[in-house]
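Features as listed in TrEMBL:
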TRANSMEM  29-52  transmembrane segment
DOMAIN    45-294  domain 'G-protein coupled receptors family 1 profile'
TRANSMEM  64-86  transmembrane segment
TRANSMEM  98-124  transmembrane segment
TRANSMEM  201-223  transmembrane segment
TRANSMEM  244-265  transmembrane segment
TRANSMEM  277-296  transmembrane segment
């Protein structure tokens, strides 16, 4: 009997079960088909943005350089969660090893942080373009743009690798069932034994540094941008200036809104259903709508697609 108990405890320590959407068994096939098509839309849509920014000379600008990097990041971000979710929905085998779970968490958190930083850089690009247009070619030259993107990637990865190590250094006991569709911090902390206060504080600090501060910087940039736009003498100029920012504002609102609620709301307010819904929003919905937002509302991107005969 003791040997059997030891085996159960060892199993719970070495692997987890991602419950995902197992609470709605009748919709498993429907969810698989839906998420599969969503994944294809994300890959094709963001891939098209990368393609047109590479081949069209008219899009060889800092704004589109950042956008192509953002689209590549979106593909990486969604690929950290959706393939595993699709496999679980198709096979109904929901087990995930501790190493795979830690790897997935590390990728999701790091890519999420990089996305926050890159959206901040994109806001700065719009700020310089609208508020200091004469200095724009000098300030946002290609070397500076590459350095900014590299800084986003270099900053985001080590912090979340360390945080993932801290989370998985905790002892896990009792249930090994993660009530989520990927390995995320809030549901994993619920399974940890002992005092998790330090880990929760580190999560909060990381969320403030990588989510709240970038969001406030973006907000500050757009307050200054809007103030400058309203001072423009011509209505045409104001409309054009607003149109170059509207797509970015939409993506920022979708991504940061769900991210801030997920990681900065009090622990007592967390619920598995709400966490899954919010996570779907920033891991899947935003990457899916990103290509539509940036192409359908952008004349230059639409022209580039027509040149390549990707649309009628």
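Just so you know, glycine gets a Cβ as well, placed from its N, Cα and C.
When Cβ distances are compared across the two stretches, the transmembrane segment (98-124) makes no contact with the transmembrane segment (29-52), since fewer than 3 pairs at least 6 residues apart fall below 8 angstroms. Long-range contacts of the transmembrane segment (201-223) within the same chain: residues 112-113, 116-117, 119-120, 123-124, 126-127, 156, 159-160, 163, 166, 185, 189, 245, 249, 252, 256, 259-260, 263-264, each at least 6 residues beyond the stretch ends and with a Cβ under 8 Å from a Cβ of the stretch.
In the predicted structure, the domain 'G-protein coupled receptors family 1 profile' (45-294) carries a mean pLDDT of 88.
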